[in-house]
Structures are given as C-alpha cells and as structure tokens.
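Heads up, the thing below is written out as structure tokens.
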Amino acid sequence: MKVLLTNDDGFGSAGITLLYEIVSELKFVSEIWIAAPSVDMSGCSRSLSLRKPIQVNCLGERKYTVDGTPAECVILALNRIMDKKPDLILSGINHGLNVGNDVSYSGTIAAAMEGATSLIPSIALSQAYSSDRSKIKWESAKSFAPNIIGKLIEVGWPKNAVINVNFPAEKVLGIKFIEQGQYKMDSNASCIESIGDNNSYVIRGDRVLIGSGDVDMVSKGFITITALKLDFTDYDGLKSIESAFKKAQI
C-alpha cells in the first residue's frame, strides 16, 4: 500500500515525524510519501493560494515541502509530485485537538477532505495538549494509532467521507465512535499594539461545551473516531425552508 502523509503544522513538526515512524512499522505499507507545508499553516482550513506561485522542494526520497496550504499539498502530491496516486492519505498528527467547531478551521481536516474529494481513503489524526497546554505528550497517539489505522483500513468506510481521530492528553479510557460535537466560542480581540488608527489584535476565546459529542468524550479521556461527510447539506433544514416557501407561494 502506498501512503501519503501531510499535515498543517509543517514538514518538520513532531507530529508528522511521529506519524512517519508509526506508518513505517505497518506491515501493509510498502511506500511512504510526504508532502507537507514548508511552514506552520495551522487554522488555514481548505484555503488555496490561487494566483500565487507555489514552490515545491524535494528534501529526500519521496519527501517534499510545499510553499502552500495543506489542501495544496494534497493537490500537488496527487497531480505532480507522486508517480501514482496513493492508496491512503494520513493527515497529522496535529498538535492539538480537531473536534467540534474546530473541524471547519483545521488545515489537518482540510488536507484529508482534499484526499476524499479524489475518492482516496483519508484519515485525520490529532493529539490533545497536556493539561497545562505547555506541551504535548504523544503517548496515546503513539500507542493506539497503529492499531486504529490498521483496523480502519480493514473495515473501510465511504470514500466521500473523512475519518477524524482525536487522542486524549492523558490516560486512554477507551474508544468512542461519536458524532461531531459543538461548543460556543466566547471570542474576544485583545489589542496588542496601537499606533494612531492602526491596531494589532490577537483573537482568543473560551469554549463553552454544548451537548455531548467528540468535544466532551475526548476531554474525558476517550479516543474519538468520527466520520465527516464532504456534503455539508442540512437536508432537514432544506426541507423545512422548501416547505415554508411553498406555503408562502413564493
């Protein structure tokens, strides 16, 4: 099996280095390629550079840096860098969780989505920070990722979906197959520099959990596995709107 690794934290990050080590030990993997951003692109979602030229550099056999976004790493890997398309795309291991509303911001998820768009099985993997948020302990990802990846490949999943795996910071209590959670973000913008009418801000926010889902379960010590669809359509909402329009005879 040919596997493509990518991420949003950058080529030299600890997460993708660990992922390479993990995948290298999987018996069903015959070839590993890396196409990752040259710099940290966290939070860029599925953005594209559009008219900006994208530099690609080869750093070794089947190892490439891309001066672009995670989505562009996958696009270029599939269409220019690799000799043949991969059988599997693994995005991560992200520095920090990608649960709940984070999914729409995440470059890690976006890279996997780009793979799924080409109907290539794609998995996003993320590791929680430790309790004091000063560092990441990779033990849970290192211990459980090999078997989880192997089992997912064995059972399979719809090609138009992305598998999102999140590892808790501390002791693992089990695995939860669960829906994407939600949280309310109480955002605030702190001004860090003000020169006349020109201001510099840092956006921060506190998360308030809404209901259960992956946000809740991973915080309680469970590995969460969620299938995310490329189709964002809210079918119930669409039917409700359509019904209202028909009643109003619009």
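Note: Cβ is positioned from N, Cα and C throughout, glycine not excepted.
Automatic prediction, not curation, is the source of TrEMBL annotations.
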(request) Given that TrEMBL annotates Asp8, Asp9, Ser42 as binding divalent metal cation, state which candidate in Asn57, Asn79, Asn94 belongs to that site as well. (result) Asn94
(request) Using a 10 angstroms cut-off on Cβ to Cβ distances, just flag whichever of Ser42, Asn94 is the loneliest among these binding-site residues. (result) Ser42
(request) Pick the one among the binding-site residues Asp8, Asp9 whose Cβ has the fewest other Cβ atoms within 10 Å in this structure. (result) Asp9
